[in-house]
Amino acid sequence: MPVITLPDGSKREFAHPVSTLDVAADIGPGLAKACIAGRVNGELKDACDLIETDAELSIITAKDEEGIEILRHSCAHLLGHAIKQLWPQTKMAIGPVIDNGFYYDIDLEHKLTQEDIEALEKRMLELAKTNYDVVKRVVSWQEARDTFAARGEEYKIAILDENISKDATPALYHHEEYTDMCRGPHVPNMRFCHHFKLMSIAGAYWRGNSENKMLQRIYGTAWADKKALSTHLARLEEAAKRDHRKIGKQLDLYHMQEEAPGMVFWHNDGWSIFLELERFIRRKLNQYTYQEVKGPLMMDRVLWERSGHWDKYSEAMFTTSSENREYAVKPMNCPGHVQIFNQGLKSYRDLPLRMAEFGCCHRNEPSGSLHGLMRVRGFTQDDAHIFCTEDQVQAEVSSCIQMVYDTYSTFGFENIVVKLSTRPEKRIGDDAMWDRAEEALKQALRAKNIEFTILPGEGAFYGPKIEFTLHDCLDRAWQCGTVQLDYALPSRLGATYVAEDNSRQTPVMIHRAILGSLERFLGILIEEYAGRFPTWLAPMQVVVMNITDKQADYVEEVVKFFKEQGIRASFDLRNEKIGFKIREHTLRRVPYLLVVGDQEMENKEVAVRTRDGVDLGKMRIEDFAAKIHQQISLRSLKLLEE
């Protein structure tokens, strides 16, 4: 007689084993209709799975995040169902859930076209609208293998042979005549899977190994209702308009080419923004009392072996050799910073020592993963390492957190998700050390009233970590900032200081990044602002235009004055209509468009309008410069208003 405890603490007693669906029906028909799955004693289960003993139960619906993931997973099976109807010879590989959707890798000789995808989506909807039940069967390993062998599903057989123990009991999910294998759970009925769209096709190697066969990967998205799907598709459409690769080309910010994959060719305007970002962070470093250093681009392999990077990271490192010595181009700055710390005797009085670098790093990312500025091989890291005593950890972490929030708010990012990764199973140090380290990070976050979630076991083997993920205007998540404690690297590389009792001690090292990669952060900003940078970041802040040749000399004087004031300004003296000039510079997203006619020239004024089309009227050039200076010094995100 199982007793089921619900989230509100209420209990329901049953005379026989029950499923989550039975419990939902016992509560009410509405909940039974909405029930997708259950969380039984913390574990997700299919709605049909029987509960035979006392248990805590949460009923999962499409309102829950887990419910959305489950229906997406079931849409992947629905995709398989439709594929096998349209192309019966298809061999199915894997079909997992991903952010906002799902995909399925398939082996099909016929190369799918956009017309095929549309036909596939249509068939999926036809199948889903029959609202058929999804039937789960738990079978022996051998029966599962025999089932897929009879269907010629070689990839499913490979999964069984290579990944699933022979004494396991795999679950088979039957979608009418189509059968798939999965850990589950899945929706009990296809009425939950009416709101989806197939998005794109790509190539993908089986098992992610380039030595294996290239499969076709079909991506899709799925949501609980029509409104959520429409909202997501509208967001994707807006994201496409904001694509930093497209805007970067339109605004002539940078380019990339095949001869240097994953490496950025910065053009004048893009480099101007990059340098402004760097100047901004440099001012923060001064405010928070950091030393700025510069380490070598590459170092002998021996040093990377001592640091431990060679064992764990060598495949991602670029190497070269000279005079019988092997060198590695640095993928990160930390070992170099320890070398700088080790120069000269350090005392406890020297700590904390905060060392920062705009380090030019390189990582040999797979070519297929490269994506504009967001995923590159050569990048600049706004990296810092703080050497401190264990007693100083909490205060230093607190300072890092403040710096992160100060920085992100300047760019308009207020929605920051914070996660704390704690001790993994394999780790250095004793439990007491980890207790102190994790507690120091927790206290630093709590002291600033920052909500955070704990990721148990997700920390590095050498220390716990805080991750800062910002959400942009399209609610996309970008993990940028990190604060990582390291109890291993200083010891491996021989870093010590003289303690107050004259003993030699190893400092704690705090790895700190705020923007992460400057290239990636600039890509994020391009998309966040859609290329409409705030005045302080804009590569060209002001453009001054004449109406006739008569005003040309005055326009040049105005621009010279602005440049002397430190304002990035240019002129447009072309023999074009003023409306044409305004449109062109509006498309270039220049914040302020200044027009000069006879009257403005006579009164030593300019007619000011913004790229948004707001007419600010006439101003004396000194007054306009003062207003712009104030905007720049405050790093305002808004333009001047009427």
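Sequential numbering from 1, following the chain as shown.
Even glycines carry a Cβ here, placed using N, Cα and C.
His511 is the residue from His232, His244, His511 that Swiss-Prot records in the Zn(2+) site together with Cys334, His385.
Ranked by how many other Cβ atoms sit within 10 Å of their Cβ, the binding-site residues His385, His511 place His511 at the bottom. The residues near the Zn(2+) site, meaning same-chain residues not in Cys334, His385, His511 whose C-beta sits within 8 angstroms of the mean position of the site's C-beta atoms, are Met332, Asn333, His337, Asp383, Ala384, Gln484, Asp486, Leu489, Met509, Ile510, Arg512, in sequence order. Listed in sequence order, Ser307, Asp383, His385, Asp486, Leu489, Met509, His511 are the same-chain residues at least 6 apart in sequence whose CB falls under 8 Å from the CB of Cys334 (Zn(2+) binding site). Across the domain 'TGS' (1-61), mean pLDDT in this model comes to 93. Secondary structure of the domain 'TGS' (1-61) per DSSP (helix as H, G, I; strand as E, B; remaining residues coil): 14 helix, 24 strand, 23 coil.
DSSP assigns Cys334 (Zn(2+) binding site) to a helix in the three-state reduction.
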